Structure formats: structure tokens, C-alpha cells
Amino acid sequence: MVEAQTWTTRRMSNPRLDSTATADHEVLDIPVTPTADVRNSIYNVGSHLSPNLLTALIIASWFMSNIGVLILNKYLLSFYGYRYPIFLTMLHMISCACYSYAAINFLEIVPRQHILSRKQFLKIFALSVIFCFSVVCGNTSLRYIPVSFNQAIGATTPFFTAIFAFLITCKKESGEVYFALLPVVFGIVLASNSEPLFNLFGFLVCIGSTAGRALKSVVQGILLTSEAEKLHSMNLLLYMAPMAAMILLPFTLYIEGNVARITLEKAKSDSFIVFLLLGNATVAYLVNLANFLVTKHTSALTLQVLGNAKAALAAFVSVMIFRNPVTVMGMTGFAVTVMGVVLYSEAKKRSKLQLTTH
């Protein structure tokens, strides 16, 4: 599963990407950019929809893609019997690279940005390594634990972000922020102790995925700090995805064997696997595209709020589909964790507001 959550703040670092400067009726100040009429007639799909309806459709698409990729990954890895999470992740990365290239170079959803130096390339490569680790661990965990438990663990990302920010940058938060993290940790402990399908390995790799996602957000803020090196989230995905695919190739060959031959042989006897893999890889890209569109039409804060709601909705949908057993204590632990995340977000907002006013 492709994880794409913390890149949205880059949008404000480039005035050409500011949503107020790229309205539907304006032309981006870039060479060889089509006129406004051409862009509107070809690409502006939502021009005949009311803004509220368009935003609602985008948010609905965001929910469908985010929950859809989780359900498809779980079905493939646990129920269908396709036990190759590294190869599956590599397919996700190849899909993201191809779709990103088409979206940026042909559909021009954002202006194309280029890697300007070897130093910037190495920084993006380092992020790709962390990105690979996080996504592979997340997909692997779905083989062993339910989606509901996976989402409960994933909700603890702010806890790991605060830890890595302190360890790497020595950044200290206010006491209120740290206090808000207590229910996040307590909730996941409660959910773990009462999870009927608890698996230690699945739990540990899911923790690794969550920690990797937090580490990537912290490292990204450190490495890509200069205005010249900052990339829009869609451009960053364009460069990270092929790097990630190349990183994963030797690992899938060494750990999972000749998985490509196995997949082709399986496709000859069951063509449904082709549909599953292509659909899964496409939805993995749509998650990133939906993240961008939600932020463009609403705000980064809205995306954060939707993320909390998504965790609960994904857990509910997965229980309805896969019928995995749940307990009252487990649901209570999940609710406590999500409540802690909401409290953490509010505490962070107040902390930032106090810093700007002083």
C-alpha cells in the first residue's frame, strides 16, 4: 500500500502551485502551457459541477481509494493466497511511476519539477528507502492481522513522529501535546490485549510500518528544506516511485523467488489475478492522487481529519467484508486511540498558534 500522507505542505512552497494562483480560468506561467480554453475543454472535468458537489465527489473518491487499497491488499495477501507482499509493493511503485508520468507530462495536473543536483537526488533516494520499508511492512502486516487492527496501530503515527522529531531534531513539544499522546498509546495497548486474531509478527511489522511513515515525514522535513529542493507531492512521487521499485527488485527476487514466473503461471489458470493486480496497483496510485485533490480543494487540515475518520470506516468495512471477530474492549481501545489522535491534532494547533502570537 502506498503510503502518501505528509507531502501536502509543500504545495505552499512554490507560488506556482498555490491553489489561489491556479484557478480553473487562469493559465499557469510555464512555457508551452496550453491556453485557458484548451485546458478547460480538455482537463477541467469538474468545470460543470458546483464547487460543493465537486468537493464532495473528491472526498468520496478519497475514502473509496484509501479503503479500497486496504481491502484489496488484505484480500490478495490473506484470502486469495497471493503471499508476495514485496512484489505487490513493487507493482504499486511501478504503477505510481507510470501514472505519475502521464498525469504530470500529459494531463499537466501540476507543473513538472526537475531534480537539480546529485545532492537532491541522494536525498530523494534516502526517502525512497524509508518509503519502501514502511509500505512493505504495512502490506506484510495485512497477511497476519485484520485491517481493523492494522488501522488501530497506524493511528499511532503521531506518537512516533513526536519521538523521532525529538531524537533527530531535538524538537520539544508542549506538555499538552505530549499529554495528548497518552491515550494514543493506551488505546493501542488496550486493543492489542483484546485482539482475537493477534499475531506478534504482524503486530511488529505494522509497528515498523507506522514508525517508518513517521520517520519519513521527519526526515523529509530535514532533507528537503531549501526552496530550490522542495518538490510538490506529485512530483516527489514521480521520482520516488521508480527508485522504490528498483530498491525492491533484488529483495523480491531474493526473498520471494521467481515470483514473476509464478504470477504468470497463475494468470494462465486464473485470469482474475490479472484483474486483481492491475486494479490494486491502479487504486494504489489513486490514493496519492486523491490526497492531492482533497488538499487542493479543501486543506491539509481537512485531510488530517479525514484520515482519522478513514481509520474507523476502514475497520468497520473490513469487519463487514471479512467477518473477522472483534471485541468490545478492542473497539474501545481503537476509539481511545483515535480520540487521542484528535486531541493531539488540536494540541498541536494551539501550540503553533501560541508560537505565532509570541
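Just so you know, glycine gets a Cβ as well, placed from its N, Cα and C.
Copied over from TrEMBL:
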- 56-345: domain 'Sugar phosphate transporter' (DOMAIN)
- 53-72: transmembrane segment (TRANSMEM)
- 84-104: transmembrane segment (TRANSMEM)
- 124-145: transmembrane segment (TRANSMEM)
- 151-170: transmembrane segment (TRANSMEM)
- 177-194: transmembrane segment (TRANSMEM)
- 236-255: transmembrane segment (TRANSMEM)
- 275-294: transmembrane segment (TRANSMEM)
- 328-345: transmembrane segment (TRANSMEM)
Reported mean pLDDT - the domain 'Sugar phosphate transporter' (56-345): 91
For the transmembrane segment (236-255): best-contacting stretch of 53-72, 84-104, 124-145, 275-294, by Cβ pairs under 8 Å: 84-104
